[in-house]
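Engineer: Please read through the structure below; I'll follow up with questions.
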Amino acid sequence: MASASRKEILGKVYKMIPPMLESFHKGQLGRVAVIGGSEDYTGAPYFSAMASAKLGCDMSHVICEPGAGAVIKTYSPNLMVHPYMRQSKNLASSESIDTVSTEVVGMLSRLHVVVIGPGLGRDKLMQDTCARVIQEARKQGIPFVLDADGLYLAQTQPELVQGYTECILTPNVVEFGRLAKAKGLKVDELDPTEQCSKLAKAFGGVTIIQKGAKDYISNGTQTLVSEGEGGLKRSGGQGDTLTGSLATLLAYRKAYLDKIWEHDGSLDAAETLALAAYGGSAITRECSRLAFAEKGRSLQAGDLTEHVHQAFLNTVGEKESK
């Protein structure tokens, strides 16, 4: 698929997208949760969860710290916000890493996909809780996306994600360098087109989206390049639209693989994961382009949220309801 054109790849993404059918019930088109949101960072989990919702997942959850939860609830009544996470300094005497992680892990059986990292921060208890979530998600075969401070876990405890092919990492240039260093790779000695593939291989076949002027997407054996035009403003938080979009596309992938509607079944698990990664990148880049065309220099992360649906229509396209 590496030599396939953008149009061909997006055509395959289209095949993976569920149609809108009367026979579907609530939850079948995606139950997604973003785990993050701390005292200092409340925007990131909101942007991620809203991108999931705007791209069409049925149920979009945020699992966060109570202080963040109270704030995020005021941003939108459409998200389900669960204040189950704890920062070390806010842990009650009756609570422990076990009680906190048990509550968060208890939600996994209700979810199709988890995003870990937006607004998470580096607090040890927040990080340790997410490590336990990752271990349990692996046991249950639940796909997850790691970004921002979620990537710090992959950097400091690479065994958490090693060899788990149902995982997408979304590093920017700095984060990519740290991950490479953790794996003993010298990025500056590698051809730019091979960096992503080498790192994905070093992590045992996880999928990595190396964000940049072009997005390189690789699982170590196959590499795609997403180079649709994006906006020219680099305001923080645009990567959260990517993680939310990826989560919904991974939920759609599950619906496709579970064959909840009639289709030819020509796409397998590995290919559909690559397609979800490519689709998320393409939609986010188009989202950025649309928002920049409207807002220019003043563009903020929240401006992307309102363009997610149009970006989907422009890149992938809607299916007729049959």
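Glycine too: its Cβ is placed from the backbone N, Cα and C atoms.
Unlike curated records, TrEMBL annotations are generated automatically.
Found this in TrEMBL, in case it helps:
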DOMAIN    9-315  domain 'YjeF C-terminal'
BINDING   G119, N172, V173, V174, E175, F176, G177, R178, D240  (6S)-NADPHX binding site
BINDING   211-215, 230-239  ATP binding site
Engineer: Taking only same-chain residues 6+ apart in sequence, whose CB is under 8 Å from that of G177 ((6S)-NADPHX binding site), what do you get?
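Structural biologist: In sequence order, V187 meet the Cβ cut-off.
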Engineer: Which chain-mates of A213 (ATP binding site) that are at least 6 residues away have a CB under 8 A from its CB, listed by sequence?
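Structural biologist: Listed in sequence order, they are E227.
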Engineer: Using Cβ-Cβ distances, find the residues under 8 Å from G239 (ATP binding site) that belong to the same chain and are at least 6 apart in sequence, listing them in sequence order.
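Structural biologist: Once residues fewer than 6 apart are set aside, G239 (ATP binding site) is near D147, A148, T170, N172, K211.
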Engineer: Give the distance between the Cα atoms of G237 (ATP binding site) and G119 ((6S)-NADPHX binding site), rounded to the nearest whole Å.
Structural biologist: 10
Engineer: Give me the count of other Cβ atoms within 10 A of the Cβ belonging to D240 ((6S)-NADPHX binding site).
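Structural biologist: I count 32 other Cβ atoms within 10 Å of it.
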Engineer: Taking Cα atoms as reference points, rank the binding-site residues D215, G231, K233, S235 by distance from G119 ((6S)-NADPHX binding site) and give the first.
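Structural biologist: Given the candidates D215, G231, K233, S235, the nearest one is S235.
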Engineer: Taking only same-chain residues 6+ apart in sequence, whose CB is under 8 Å from that of G231 (ATP binding site), what do you get?
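Structural biologist: For G231 (ATP binding site), the qualifying residues are S288, R289, A291, F292, A293, L299.
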Engineer: Within a 10 Å radius of its Cβ, which of these binding-site residues (G119, G237) has the fewest neighbouring Cβ atoms?
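Structural biologist: Among the binding-site residues G119, G237, the lowest count of other Cβ atoms within 10 Å belongs to G237.
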Engineer: Quick check on the binding-site residues K211, K233: which one has the highest count of other Cβ atoms within 10 Å of its Cβ?
Structural biologist: K211
Engineer: Rounded to a whole number, how many Å is the Cα of D240 ((6S)-NADPHX binding site) away from the Cα of K233 (ATP binding site)?
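Structural biologist: About 15 Å separates the two Cα atoms.
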Engineer: Around the C-beta of D215 (ATP binding site), how many further C-beta atoms are within 10 angstroms, looking at every protein chain?
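Structural biologist: A count of 24.
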Engineer: Restricting to the record's (6S)-NADPHX-binding residues (G119, N172, V173, V174, E175, F176, G177, R178, D240), give me the longest CA-CA distance in Å as a whole number.
Structural biologist: 21
